[in-house]
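Chemist: Please see the structure below; I have some questions.
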Amino acid sequence: MTSPAQRHMMRVSAAMTAQREAAPLRHATVYEQMLVKLAADQRTLKAIYSKELKAAKKRELLPFWLPWVNGVLELGKGAQDDILMTVMLWRLDTGDIAGALEIARYALKYGLTMPGKHRRTPPYMFTEEVALAAMRAHAAGESVDTRLLTETLELTATADMPDEVRAKLHKITGLFLRDGGDAAGALAHLQRATQLDCQAGVKKEIERLERELKPKPEPQPKAATRAPRKTRSVTPAKRGRPKKKAS
């Protein structure tokens with residue numbers, strides 16, 4: 001646990017090093033110290049086999065890095081920062097889509113790259129991991145703000161990535177919109193998902209939503225029917241019987 005003074009110093013140091021636009025941070029002493037700490041955290045995580053336990057450990061470790069992240073996002077000018085990019089990925093692993101999106105806006109604006117052996121580009125990685133985080137939440141019956149999902153789609157709209165990856169995010173966005181009662185919005189995202197990936201597994205849901213949204217024929221007004229007039233029947237005896245004379 002860091003003290004308020006340590007957190008402040010960490011935030012200021014992060015801001016100062018991140019202002020070295022286009023300059024490698026490996027020469028920044030504080031940055032090097034933080035990389036040593038990050039490497040130790042990563043070794044701790046590597047020793048954990050369970051994905052669930054690993055996510056819980058990341059959730060425990062993340063608060064330490066918050067001052068660094070805040071310092072970079074507030075005053076940074078786009079220098080490559082492996083700490084920031086690692087924290088973005090950890091936030092996604094713990095289901096913090098909003099927190100990861102906060103970093104992604106900065107990272108994509110300045111063209112930061114993923115550290116180490118990551119082969120996916122940041123937009124590709126971010127889109128896929130947001131989709132997976134949202135899918136995990138949906139499977140657990142948890143809610144996700146669909147505005148975070150649609151912003152992710154907009155933020156990465158021009159980036160190159162496998163169509164199947166973008167389809168995943170459209171699919172889960174559509175499912176959350178459906179659950180929220182937005183049938184039209186859900187249909188649009190599910191249709192886009194199947195356009196990108198015919199194996200997206202949403203065809204039946206699309207058919208159901210199309211039936212739901214199909215205009216129902218208005219009931220025709222019933223024609224007014226007149227009741228037949230009752231005629232007074234006259235018996236044959238009455239027709240031939242003479243009227244009584246007055247006495």
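For all residues, glycine too, the Cβ spot is worked out from N, Cα and C.
The model shown is predicted, which means the values in this text are computed figures rather than measured ones.
Reproduced below are the annotations present in Swiss-Prot:
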{"type": "DNA_BIND", "residues": "214-245", "note": "DNA-binding region"}
{"type": "COMPBIAS", "residues": "209-219", "note": "compositional bias 'Basic and acidic residues'"}
{"type": "COMPBIAS", "residues": "227-247", "note": "compositional bias 'Basic residues'"}
{"type": "REGION", "residues": "209-247", "note": "region 'Disordered'"}
Chemist: Please count the residues of the compositional bias 'Basic and acidic residues' (209-219) that DSSP assigns to helix (H, G, I), strand (E, B) and coil.
Modeler: 5 helix, 0 strand, 6 coil
Chemist: Mean pLDDT across the DNA-binding region (214-245), rounded to an integer, is what?
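Modeler: That region's mean pLDDT is 65.
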